[in-house]
Structures are given as C-alpha cells and as structure tokens.
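What follows is a single structure, written as structure tokens, with notes after it.
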Amino acid sequence: MLRAIFCFLVASAAAEHVREFTVRENARAGTLVGNLGDELPDAAPPYTIVPVPGSAVNDDLKIDPQTGEIRTRVPLDRENRDHYALVAIPASGDNVRVVVRVSDENDNAPTFPAAVMNVEFSENTPRDVKRKLNPAKDEDLGVFNTQRYNIVSGNTDNAFRLSSHRERDGVLYLDLQINGFLDRETTDHYELVIEALDGGTPPLRGTMTVNITILDVNDNPPVFAESAYSAMIPENATVGTTVLKVFAIDSDEGENGLIEYSINRRQSDKENMFKIDPNTGEITVNKALDFETKELHELVVVARDKGAQPLETTAFVSIRVTDVNDNQPTIDVIFLSDDATPKISESAQLDEFVARISVHDPDSKTEYANVNVTLSGGDGHFDLRTHDNIIYLVVVALPLDRESQSSYTLNVVATDKGSPPLHASRIISLRVTDVNDNPPVFLESEYKASVPEAAAPGTPVIQVTASDVDEGENSEIRYSLLPTPQSDWFSIDERSGLVTTRARVDCETNPMPQLTVVASDRGNPPLSSTATLLVTVLDVNDNEPIFDQSFYNVTVSENEAVGSCILKVSDLFIKRYNNLFLVIFP
C-alpha cells in the first residue's frame, strides 16, 4: 500500500514533454533525424524508449538510449507510413512524447487506373458535350499530386479538349469535351494519348490512351454516280433484257448506308414498261417495246437509304428505243498467222498485219460502203487501218512482250449509217506467242561448295538452279560445264543441274578449282548465261614426305670444322624412293 502511494506521488511529480521531428522520405539509412535531449535540459539521457504499438519504430528508426540521437535505419516511404510515435523516459522520470513525421517528396507519378479506355460519340453530338474519363491518382501530397491533364497526340483537327476539377477527396477528375464538329465520314476513330502531370520540378507524368469511336447517324443522302443516265434498247428486246444499271453510294454505314432503288411511277413510266431491281439498281424491260408508239422513255429513279428517317435522291434515265431493220452488218475475220489462228508473235514489228476484217451488209451496197468500223481493247497495242472503208486490217501499233501480257481481247464494232443505224460487234481473243528473247537466269551468280579429295567418283557436290521466263522449249534449260584445267574432275546433270565428281580430286594439284556453269535454253537460237562455281577441295593426309633427290654428291674440304653444314636436303610430295645415298668425297 505504501509502495503504490509512493509510485503515485513520483508519477504526479514527473513532467511530460512533446517533441516533434521531421525527416524527408527516401533519405538514406543513417540520416540524423534529431536528438531527444535538445531543448529539454531537464530530460537528459539515458532514456528508456517505449515505441507506440504498431508504429514500426524499431523497424525503421535507430534510437541511441545513451545519447538520445535518432537516425533512420532504412530509407523511409511516406506513402507507406507518414509518422512514427514513441515515448522516451529520461533519468528524471519525465515523459517525452516523440513524433517523427515523414515529409513528402515527389516520388510517385500520376497513374491512370487503366492504360486504355474506350469511348463512343455519335457524329451529331453537340459541341461542349462531356464524357467522364478515368482520373489519374497520385499518392504524393499537395503540389506533388496530379495538377493538370494534356492531350499529347491523336487530336485530329482539335476535335476534343479536356476539362478537370478537384473534389473534396483531393482527386483531380477529368472530362473529355467535344471541341468541334464530328463527322464519321471524315474521321471515324480517334486515338488520343492523354497525360497527367503533377506539380514537381520537373513534373512526373502518366499516360492513358483513349480510343474514341464515332457512331454513325443518317446525315448523308444517297448520291448517284451520274445525275442523268442514258441508254439505247432495240424495240425487239425481250422482256427481262437489261437496259442499264444505275448506281448510288451512301457514305453512312449500317442501315443508314443501305440503298433501295425504285421508279417514281407518279412522275414517270406509269405504263410499267420498265422495272428496277431494288437491290442492284438494274433496269430491265418489263413489257414489249414499240419504236413506232414511243421512241423515248424518261424515268425518274429514286435511291432511298434505310435509316430510321430515310433520306433519298433522284436521277433521270433516258431510254431510247431503236428501230429494227431486217439485216444487220456481219463481220468476217481472217487471221493472218501461219495456221490462221488468232495469234501474233511477240517479235512482231510495228504495222505488221494481225488480221483481215471485212464487213458485209446485204441491205445496200451504198450503206455497206459507208459502214464505220472501230476497234477497241488491246491497251493501244493494235490499230485498225483501211484504204477504202471496205477491207480493214488489224496491225501492231505498239511493241509486244508475251512475258508482260500473253493475250489481248479486241472488240470490233461495225455500224452502218442507216436511219436508225445498225451495228454488229465481234470479240477477238488474240494470243501472243513466245520468242526466245530471255536467257536463263541463275539464282546466284556465284556458288560455293566443298568436297573431300578422297571422295569417290559420283559424289554430289552442289545443285545449281536457273530459270527462264519464256515458255515451251524456249524455257527448257540444259546445264553444262565450260572446259577448264580441272573441269574433267566434275560432271553436271544437264537437266537437274546436279554437280558430281567424275574422277578423284586432288588438293595438291588445285585446292580450289573454279568451274563455269552454263545454262542454255532450247530456243532457236538458244540463249545462255553462266555462273561461277568455286569448289574447295578438302585435304586428306594421302602423301608421304620424300627427298627431292634419290642421290646426293657432296665435296668437303679436309679442314672443314666440326659442325659445318655440308648438305641441305628437302622433301617433295611425290612418289616414294626407298634407296637414298649420301657420298662424301674428300
């Protein structure tokens, strides 16, 4: 009982002090934080250190109880722990409550919750409309927190801008606003790179990609390829005959871009003489036509899209019905090739004849003499010549190259000058025949191979390959070797190009024989090209050393000193001699 009263009196007499220290985060281990005894002369060391439970004092700080010196044990991280608390009891019995606060540094960049965000806008969205974006968060405090956002790239024509505001939770929230007018038909997708910056010097930053899809609205009517179409159809055309095809496009997408065609019956074709395919725009004959009853039909064709509020446009179609005579011109073609087939050699010279065309019309010789004949197709490589408008000749107008184009389609049209005129046409499919104008080409200009000198005859060395863009025999290749000092060591398969040994090779004779491979086609005359083949002969130990002479004759003076050189012999890699003699004459 007396002991408890004594402790109570001592505790009542003790004073309590509060000390606060500050240390910057990331300071290296061992950094001095402060001294417990500074400014407290009545609270001198030594100290008893009592950490506040859970404050990690012993883990992160090092406190010397004998001096009161506080140092960091490890680099501190404010975002992990922003203060440490402990009680230091000096010898005087006072209480010193100690708080070590960790000051913030700009060691965290703003971070978006996701690297990519997808956003959609309709193309008719008004200016200034906002769409919330994921804000960036920064674990640092105050000015080191997120301060602003920028669009780094992808903002074509400044279509968008950013706005931001900070709320009570300290987060700088981000909005994406339309800055101009959106048009899906011009730009249907934007990929904005947005950065968030804090207030550090220099600022730290984080980025996010915003994929913006512009959704279509039906803001574009269909547009015809032509505002007015015209066609001619003979009066004897059967029901279902195609007259022409109109075509319209709509730059919208989906249903807004799907087009349906129709004929405005209130304004045109009330007799239903024609009909139109609603999907393709193909206009066909619906009833029998009569030139004498009506020569010209004018249709109003409508193209309408399938949007919720459809848009439409119109085009005018003029269809002229032509009278039918009892005879049409006929076209006869005679080909001037060696076998009278439609062909021409690629080596044909300019103005060389290809075909003879004659036109016949039994109705009238006068009309026949005035028939107009035209030639189309052939990309300008052929022309039509005549002296009397009766006999026409198809001639070569530009050089031909079968390897570039092996055939042409020509269209001969004959039109008389009757009223109305009649016409006939003839399609000519002309084949360009090959001449041997391209030599074989090796895949490589130089080949390298190796073979051991012990290789048996017939050992494969290498296979060379060449190609020829001609056709037939002009492209069939045969291989051969040009004669060289060592070409008889090798042979080549004339069809496959496989090079093999013909005899045993000898490294000592030529360690790297050079061969010339020839590739020749079978044209007339044949064309050829060459490639170099370097063969490395790998040496084997197949020769014994021998002396360069089998008998040596040396004269030595009788007073020659001991150790003097009297003869130097050398070995040659030739046949072996068994008996060697050294005779010394005094």
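Heads up, the Cβ atoms here are built off N, Cα and C, so glycines get one too.
Per TrEMBL, these features apply:
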type	residues	note
DOMAIN	15-112	domain 'Cadherin'
DOMAIN	113-224	domain 'Cadherin'
DOMAIN	225-331	domain 'Cadherin'
DOMAIN	344-442	domain 'Cadherin'
DOMAIN	443-547	domain 'Cadherin'
SIGNAL	1-15	signal peptide
Residues of the domain 'Cadherin' (15-112) by DSSP state, where helix covers H, G and I: 4 helix, 43 strand, 51 coil
Integer mean pLDDT for the domain 'Cadherin' (344-442): 85
For the domain 'Cadherin' (443-547), residues assigned helix / strand / coil by DSSP: 7 helix, 46 strand, 52 coil
Counts of helix, strand and coil residues, the domain 'Cadherin' (225-331), according to DSSP: 4 helix, 48 strand, 55 coil
